[in-house]
Amino acid sequence: YKLSVSPEMDIMEYCRKEWRGNTPVAKTMRKGYEAVAQKFASIRRIRGDNYCAFRATLFQALSQATQLPSWLQSEDFTMLPENLLNKYDWIKQWQLKQKPGNKMGEISDEIKEYLILLRKKWKNISDIKDPIEKKEACDKLFKNEEEEYSLYEALKFLMLNTAIELYNDDKNGKRVPVFSWLLFARDTSSNPCQLMHNHLNHIGHSGGLEQVEMFLLAYALQYTIQVYRLYKYSTDEFITLYPNDPEEDWPVVTLITEDDRHYNIPVRMCQETML
């Protein structure tokens, strides 16, 4: 039994424990943590498997959710797998979590279940008004491995759907965000089918999210993901936004990374920051 999201710990205490030495890297990290500590009091460690970017982002989104996002409310949201499979036969090669050898027909039902679960959990948690109860509900969800991993499958599928939309928009001469060109400029993902085979199918198994996929996740959720990238302290990239030109009405979640591979979360905004 592994904790997915560890209990809160004072940020500077955590930093002193992790970065004791006097190497240039340790000094940079300490400066970075000091800057984060101006805004947030505590840190929660995120379990370090290849899902940590999903885990950190979703935990933050749910723990501050006060309503169901509009895209989760739409009628045809749960029809997404069926509709996409009707158009794109190659989606049959979607890698379902730890269930190899699934028969072809089952895949849309399975993903539909994950999407329904995502909507249900998001609604339940956003309906809770009491902050302590909300925190307890989030903690409980992220202790249930079966549900937790099902939610990540839902997120992956939403990323695929977003990628298909962006790819088609670009082909039809519509304006697309810059990251979309970068996403499809990679040799390994020149179209959504390759993106699925070479990237999305591997997330959580043999790899995490790459930088450009953080943009895709942000677009899929319609959230701005703000990341303190500690090793970039004192550069323009210390606080990076995905996307870097976010929609004004998108909610913001904040993560911390030391290396762009593993993500933790800052919690408890300092009082003066909130005012």
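Backbone N, Cα and C define each Cβ position, glycine as well.
Here TrEMBL flags Asp49, His262 as active site. Feature annotation from TrEMBL assigns active site, nucleophile to Cys52. Look at TrEMBL and you will find Glu237 tagged as site 'Linear diubiquitin binding'.
You'll find the Cα of His262 (active site) roughly 17 Å from the Cα of Glu237 (site 'Linear diubiquitin binding'). Over all protein chains present, the Cβ of the residue listed as 'active site, nucleophile' has 22 other Cβ atoms lying within 10 Å. Taking the Cβ of His262 (active site) as centre and 10 Å as the limit, one finds 18 other Cβ atoms among all the protein chains shown. Taking the Cβ of Asp49 (active site) as centre and 10 Å as the limit, one finds 14 other Cβ atoms among all the protein chains shown. Taking only the Cα positions, the spacing between Cys52 (active site, nucleophile) and Glu237 (site 'Linear diubiquitin binding') is 21 angstrom.
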